[in-house]
Amino acid sequence: MFEWTWHLEWQTPQEFHAHAIKRILIEERSEFQRVILAELFRFGKALIIDGKIQSTLADEFIYHESLVHPLLISLEDPENILILGGGEGATLREALRYKSVRKVTMVDIDPVVIKFAKQNLQEWHMGSFDDSRTNLIIGDGYKFVKETNEKYNAIILDLTDPIQDSPSQLLYTSEFYRDLKSIITPNGGLVTQATSPSFSLDTFAIIYSTLKTVFKNVSAGITYVPSFDGLWGFIYASDVTNPAHLNRNQINDRIKERVTGSLRFYDGETHEMLFRVPKYIREKIENEKRVSTRENPVATPA
């Protein structure tokens with residue numbers, strides 16, 4: 001009945017989501033991962049790394065605007081921003097929208113992914129790699145954080161999921177979050193992508209619980225990302241601000257004053273929606289006591 005090729009993405013050991021592939025555009029292997037650019041029937045171009053869809057042309061803006069803007073809009077004129085991961089360049093694109101930003105340092109471990117993105121994901125990065133404020137570093141984010149002498153107003157963690165035995169696991173631990181806090185300015189904060197409350201609620205809750213041991217103000221936001229086929233979670237942390245406390249009028253005023261260009265997903269109403277977390281998820285994260293550590297790092301189920 002259905003003769004096309006399928007991309008099967010396992011969400012748990014017992015569940016997968018299938019996307020029909022129109023064609024494989026490019027496939028490369030690096031020292032670290034397998035990278036595919038495919039054209040999906042429903043979502044168009046899709047970046048797939050190690051079997052996991054990272055983003056698609058049809059809805060990448062939902063994920064990237066939700067990751068970046070609630071934190072940056074809650075801070076007072078962020079000038080120096082650090083991004084770990086984010087190889088597509090779309091997180092960089094959104095951070096550079098802020099009029100106050102003077103420098104965005106982006107650290108990604110894989111030069112193949114960066115070259116791949118520059119050449120093939122123009123709709124994602126929109127030239128952000130060539131912005132004079134961009135400081136692109138190919139390297140290990142963990143090592144960079146340990147060695148940098150700079151302080152940042154905001155840190156954005158656009159990392160791959162903490163799959164069991166992957167290098168990313170150590171970037172979701174209390175030790176690493178303390179290292180990050182040491183390079184954040186007193187008026188700053190961070191945000192991390194936090195996997196899916198739909199498929200890995202325990203993981204989401206443990207990341208939240210872990211950040212609560214490091215920062216005074218921690219809030220969870222969620223939104224539906226169609227190509228991920230589920231809710232996606234983001235956790236924002238700071239000692240001085242909490243984006244969940246801002247209302248739609250404050251958000252809309254700040255966007256008008258501080259942000260260049262036109263956003264497709266995020267505005268005041270969407271901001272309030274992000275923080276309307278369902279009761280069962282609120283109860284889960286508030287009651288979670290487990291903490292991710294180097295000795296026992298959090299992991300997704302698949």
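Backbone N, Cα and C define each Cβ position, glycine as well.
Marked as active site, proton acceptor by Swiss-Prot on the basis of sequence analysis: D158. Counting Cβ atoms from all protein chains shown, D158 (active site, proton acceptor) has 24 others lying within 10 Å of its own Cβ. D158 (active site, proton acceptor) falls within a strand when secondary structure is assigned with DSSP.
Counting every protein chain shown, 15 other Cβ atoms lie within 10 Å of the Cβ of D140 (S-methyl-5'-thioadenosine binding site). What Swiss-Prot records for Q33, D108, D140, G141, P167 is S-methyl-5'-thioadenosine binding site.
Its own atom aside, the Cβ of H64 (spermidine binding site) has 27 Cβ atoms within 10 angstroms in the protein chains shown. Feature annotation from Swiss-Prot assigns spermidine binding site to H64, E88; the stated evidence is sequence analysis.
Computed over the domain 'PABS' (4-239), the whole-number mean pLDDT of the model equals 97. Positions annotated as domain 'PABS' by Swiss-Prot: 4-239.
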- Query: Once the chains shown are all counted, how many other Cβ atoms turn up within 10 Å of the Cβ of P167 (S-methyl-5'-thioadenosine binding site)?
  - Reply: 15
- Message: Tell me which of the recorded positions Q33, D108, D140, G141, D158 ends up closest to H64 (spermidine binding site) in space, Cα to Cα.
- Response: D158
- Rounded Cα distance in angstrom between D108 (S-methyl-5'-thioadenosine binding site) and D158 (active site, proton acceptor) is 10
